[in-house]
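Asks: Following this message is one structure expressed as structure tokens.
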Amino acid sequence: MTPFRINTPDDTLERIRRRLAESDPAASPRRPGWRFGTDPAALEALIQYWLTDYDWRRHERALNAFEQFTATVDGVEVHLLREPGSGTAPPTVLLLHGWPSSFATFRSVIRRLAHPETTGGDPEDGLTVVVPSLPGYGFSSLAPAPLGVRSAGQLFHRLLTEVLGASRYYVHGGDQGAPIAEWMAFDHPDYCAGLHTTLLGVRHDGAPLGSGLSGVEDPSADEVLFVQRERDLNTGPLGAYFLLQATAPLTLAPALADSPAGFAAWVLEKFHLWSDQNGTGGGPSLTLDDIITETMIYLVSGSVASSLVAYSEFFVDPITLPPGRVIEVSSAFAAFPDPRVVTPPASFVARSRNLVRFTEPPRGGHFPALEVPDIFAADLADFVRQTEHTSTTT
């Protein structure tokens, strides 16, 4: 492994600032609200804050306070953050992000998980936390050939076991990280001690995501309603971006990669519509700093275009399990109130895995580690602690 630090050239920051300053808010017709996509007034406010108050260098320093590395695995230069846990033998947990987030999504939960004594917990419950950037995202290179979610799982398994020397690990995934994590748990039950997800990606045979199919002869009424609502959601306005990114990333990439304001408009819509708009203080759970920092990771790393290509290529692998097979490892599902997805019934989740824990946190949306880091960290840590206790008493 090679030590890594984020060190953004001044001219890169100046180019981003110049392009933002040159953007024309009047280019968007005034249609208030979010019905037709990003609210022009919200975008204008974000750009103004970005130009006058946002400090990338402050966030860069905060991210560089974590130990970071790069390692070459299967032809991909993988960027990763690693925080050794407190305690005598901390288990390893891999945290996998999705789109349009980045490894930085987990910045507020890393120390909570690695050093629980800092928030009143027991240091013996500490976890060694590993947070990579997905291939093509952030500071990880794009794979030399199309890399599906199952193949990405193999890559991260090799990272953990061959590069980091882990003989046993837990894995969490949200958004695109979920199917990667699920395939890791399915393919490597001798290494993966537990699976924690906030999105149901890989399903049992016959029930692919968004198909409207239950995949079983005896679905419950709740399961039938779930798959129908999920199909309707994904074929409606909230699913429009997915069809474009999954089928024509190279049509979209030049415009978004060349325009910081354009890319901000594209992702601001997602951060707004998919997050909890009734957070702790009664307002949005994400701050402008949160959204801009996630956006900047893509811009300063030059990964806007490569992330879109990687996004589309993830789907070259199947998202259903082989007939009659399930994920055997202990599995937890945290059903945050996520506007982007329909909450599945626990019975449906259990059809594809050994479900030992199903929780419904009261707050948080599609980005729970960023929106409600205390709730997210507690849910994941409780699952690991429960699984570790079970493994030592059986």
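Here the Cβ of each residue, glycine as well, is placed from N, Cα and C on the backbone.
Automatic prediction, not curation, is the source of TrEMBL annotations.
Not measured: the values here are computed from a predicted model.
So TrEMBL lists the following for this protein:
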- 1-106: domain 'Epoxide hydrolase N-terminal' (DOMAIN)
- D175: active site, nucleophile (ACT_SITE)
- Y311: active site, proton donor (ACT_SITE)
- H366: active site, proton acceptor (ACT_SITE)
Asks: Restricting attention to the domain 'Epoxide hydrolase N-terminal' (1-106), give the mean pLDDT.
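Replies: Reported value for the domain 'Epoxide hydrolase N-terminal' (1-106) is a mean pLDDT of 95.
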Asks: Neighbour count, 10 Å Cβ-Cβ cut-off, for D175 (active site, nucleophile): what number do you get?
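Replies: The answer is 25 other Cβ atoms.
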Asks: Mind giving me a neighbour count for Y311 (active site, proton donor)? Other Cβ atoms within 10 Å of its Cβ, every protein chain shown.
Replies: 20
Asks: About how far apart, in whole Å, are the alpha carbons (Cα) of D175 (active site, nucleophile) and H366 (active site, proton acceptor)?
Replies: 8
Asks: Going by DSSP, give the three-state secondary structure for Y311 (active site, proton donor).
Replies: helix
Asks: Please report the distance from the Cα of the residue listed as 'active site, proton donor' to the Cα of the residue listed as 'active site, proton acceptor', rounded to the nearest angstrom.
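Replies: The Cα atom of the residue listed as 'active site, proton donor' is 17 Å away from the Cα atom of the residue listed as 'active site, proton acceptor'.
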Asks: Tell me the Cβ contacts of H366 (active site, proton acceptor) under 8 Å, same chain only and six or more apart in sequence, or just say none.
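Replies: Expected: G174, D175, K270, W274, S275, F336, D338, P339, R340, V341.
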Asks: Taking helix as H, G and I and strand as E and B in DSSP, count the residues of the domain 'Epoxide hydrolase N-terminal' (1-106) in helix, strand and coil.
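Replies: Split into helix, strand and coil, the domain 'Epoxide hydrolase N-terminal' (1-106) gives 42 helix, 21 strand, 43 coil.
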